[in-house]
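What TrEMBL says about this protein:
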- 31-54: transmembrane segment (TRANSMEM)
- 66-85: transmembrane segment (TRANSMEM)
- 126-145: transmembrane segment (TRANSMEM)
- 152-172: transmembrane segment (TRANSMEM)
- 184-203: transmembrane segment (TRANSMEM)
- 215-236: transmembrane segment (TRANSMEM)
- 248-267: transmembrane segment (TRANSMEM)
- 279-299: transmembrane segment (TRANSMEM)
- 305-324: transmembrane segment (TRANSMEM)
Amino acid sequence: MPQEQDRTLCYRIREGLTKWRDIFTWQLFKTLLMGQGLSALICGTAVTSQYLASVYYLNTPMLQSLINYILLGITYTTALIFRRGDGNILQILKTKWWKYLLLGLTDVEANYAVVKAYQYTTLTSIQLLDCFIIPVLMILSWFFLKTRYRIIHYVAVCICLAGVGAMVGADILAGQDQGSSSDILLGDGLVLVSATLYAISNVCQEYTVKNLSRVEFLGMVGLFGSIISAIQLAILEHNEVSKIQWTWEIALILAGYALCMYGFYSFMPVVIKMSSATAVNLSLLTGDLFSLFCGLFLFQYAFSGLYIVSLVVILVGFIMFNTVPTLNPALAPASDEEGWDNHAAEFDKDSTQGCVDEITCAQAEQDQIKSQVNERQTSCVVINSVKM
């Protein structure tokens, strides 16, 4: 009896460890790590923008966006030019130019609207209302990507939003409700418009990188984003740009902003391909916290323990969201590309192979249990026949 109890206990422990390994996989760790990397890049853009505005009184969001789109165009649009076949830029423009024009316009105006909102409303309102992107993303993914969520996904989203609430509460208690309040209604409306446009852009991005090509998406966004940003810059910000007193410090900070934004745009499709646009935006909720942590040293913000609580709560919600996969229809095979697309494809292949291995192991365990039960039943029959 003691030996059987020990075997049973060891089996339960082994079974429990197997379940935990099934939840906390290497795929989940990579998604978490890369998602927080994107948050760090967003933090870099926020800190450099804050530095330009507070120290050098430079408010040129279209100029900053234009530099990013030009970098994307130099890298990815050039790659499309040298492609052959249907992936060539001319073939793409012949069939889908108007779609990418609308996508580029959506992306540019989303960036402009949220920066403009800081002139009319407070930082607290922006942090709260910016979360509007999550439900909009889930609704758009439901209808256009046919994504089906489970109860745990809704619970995880609520937990992440609770973490954002703790962060906003910490801001209020610390007296860091920065920003203007000249026209709160207009500012809040701009934040909601920006969140909706970001959601549309992210859903289009998820569809493109999973069904077509990451390079195609970034190349077209870089092309049309550069054109639209240049036109909008000439109309709205030509006076501000002409008044800039150029120094090496301003140039260095602008370069830092552009590199952070370029990295964010380049790596975000990789993470979306590994998970989903909704999961990526949940991980980006920690970006404001990273900015606050940097503000403790750069802008003398007051520290609050609720910041740590908020970070932990958001990360717990993000992990919960990614432990159970969403139900998606079969995706069309994406084109083979060099660079990060191959890495993303390898991530998907690894996760698929992992699922197959887990199913195979589970079937083997079930067959072993059935064989043991059959052996016990056979032994019982033999014993009963001997007794008879």
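Cβ from N, Cα, C; glycine included.
No contact links the transmembrane segment (152-172) to the transmembrane segment (248-267), because fewer than 3 Cβ pairs that are 6 or more residues apart lie under 8 A.
The stretches the transmembrane segment (279-299) and the transmembrane segment (215-236) are not in mutual contact, being linked by fewer than three Cβ pairs under 8 Å (pairs 6 or more apart in sequence).
Taking every recorded stretch in 31-54, 66-85, 126-145, 215-236, 305-324 and counting its Cβ pairs under 8 Å to the transmembrane segment (248-267), the highest total belongs to 31-54. Within its own chain, the transmembrane segment (215-236) has Cβ neighbours under 8 Å at 62-63, 65-66, 68-80, 87, 89, 92, 96, 100-101, 103-105, 107-108, 112, 205, 208-209, 265-266, 269, 337, 339, 341, counting only residues six or more beyond its boundaries.
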